[in-house]
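Visitor: The following block contains the structure, expressed as structure tokens.
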Amino acid sequence: MPPRSLSNLSFPTEANESELVPEVWEKDFLPDSDGTTAELVIRCVIPSLYLIIISVGLLGNIMLVKIFLTNSAMRNVPNIFISNLAAGDLLLLLTCVPVDASRYFFDEWVFGKLGCKLIPAIQLTSVGVSVFTLTALSADRYRAIVNPMDMQTSGVLLWTSLKAVGIWVVSVLLAVPEAVFSEVARIGSLDNSSFTACIPYPQTDELHPKIHSVLIFLVYFLIPLVIISIYYYHIAKTLIKSAHNLPGEYNEHTKKQMETRKRLAKIVLVFVGCFVFCWFPNHVLYLYRSFNYKEIDPSLGHMIVTLVARVLSFSNSCVNPFALYLLSESFRKHFNSQLCCGRKSYPERSTSYLLSSSAVRMTSLKSNTKNVVTNSVLLNGHSTKQEIAL
């Protein structure tokens, strides 16, 4: 079946969209299948990028999970959440990315009714796990830095694991409507031909795509981002205030603790920044298409924006391990050891201060006109060996 021109479609291209990665088939942007440069780029370069994303993402996330599972000193609150992020990314890389890549080789939806129900729900579940876990990580950083005395000290790892499971349950439940309403449909063209597509909402009117895109944007992007921003506003305010209240005689000790706090918060903030950077273009594009449901944009610029948004959104599933590699000395050492199949074990009490909110010495500073009282508390639900482990 030759590629179709957008001008021949009698049904809006949004009918092909999945919930977060727009499903406008790139062949619809192309002229006839005559080996043009545009066609070669789309059918060869883009799938190659997908292959790189899958390969790099699998390597990084599998290594990350393996390191956390095989090193007892790495099992703490933030690392449980980070492993949760990696699990969600692996789910997306193993299912949704290959399915999306297949659209560059097939003219129609080839995964049947069951695939049409499962794939959109799986993708939405993965995105939910990512954004809700980032919110939970930010909340953990808030408690560790702003209210360190309120941190739970017993059963913290079990409680955190239950939270991680809860995130998956909520994400799956929120994705159920996607599985219910997604269906395989025949999309007609003005040239009297038709093709099969998986559509995420009923074809009845223009209201469904608008409601769908707005809810997706609010639940999976804007609301979590607002919550995270509030947490980090208070974190920044606390860090700035603590920096001004540091007593001179405790300078070296408190300076090291302050650097620990900043680094812990920085790692989570980098994860959030990567998520926003990778997913924001896709959300904007989906909103634009949903509110211009009957208008088709066949321009080259729109095609490029679509491709970039899609590649960026999937790239988010492979960036977290590399961000952690750059920011965490402990993780970097373990990663290099695993990659080289080495047997060298690194001391658990590293000189680097990294990701252990459940095991970091937090200092509560209270000043008055004559003195400063410094209370150091070891917030650890497991053992002192986790004090500065990743």
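Here, residue 1 is simply the first one shown, and the rest follow in order.
Glycine too: its Cβ is placed from the backbone N, Cα and C atoms.
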Visitor: Need the cross-check against Swiss-Prot: the disulphide partner of C198, picked from C116, C274, C278.
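Guide: Swiss-Prot lists the disulfide between C198 and C116.
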Visitor: Are L207 and F291 on one side of the membrane in Swiss-Prot?
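Guide: Yes - Swiss-Prot names the same topological domain for L207 as for F291.
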Visitor: Swiss-Prot annotates one residue of S345, S352 as phosphoserine; which residue is it?
Guide: S352
Visitor: Between the stretches 42-65, 80-99, 157-177, 212-235, which wins on the count of C-beta pairs under 8 angstroms to the transmembrane segment (118-139)?
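Guide: Highest pair count goes to 80-99.
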Visitor: Would you kindly check 80-99, 157-177, 267-287 and say which stretch has the most C-beta pairs under 8 angstroms to the transmembrane segment (42-65)?
Guide: 80-99
Visitor: Can you break down the topological domain 'Extracellular' (100-117) into helix, strand and coil residue counts using DSSP?
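Guide: Tallying H, G and I as helix, E and B as strand, the rest coil: 9 helix, 0 strand, 9 coil.
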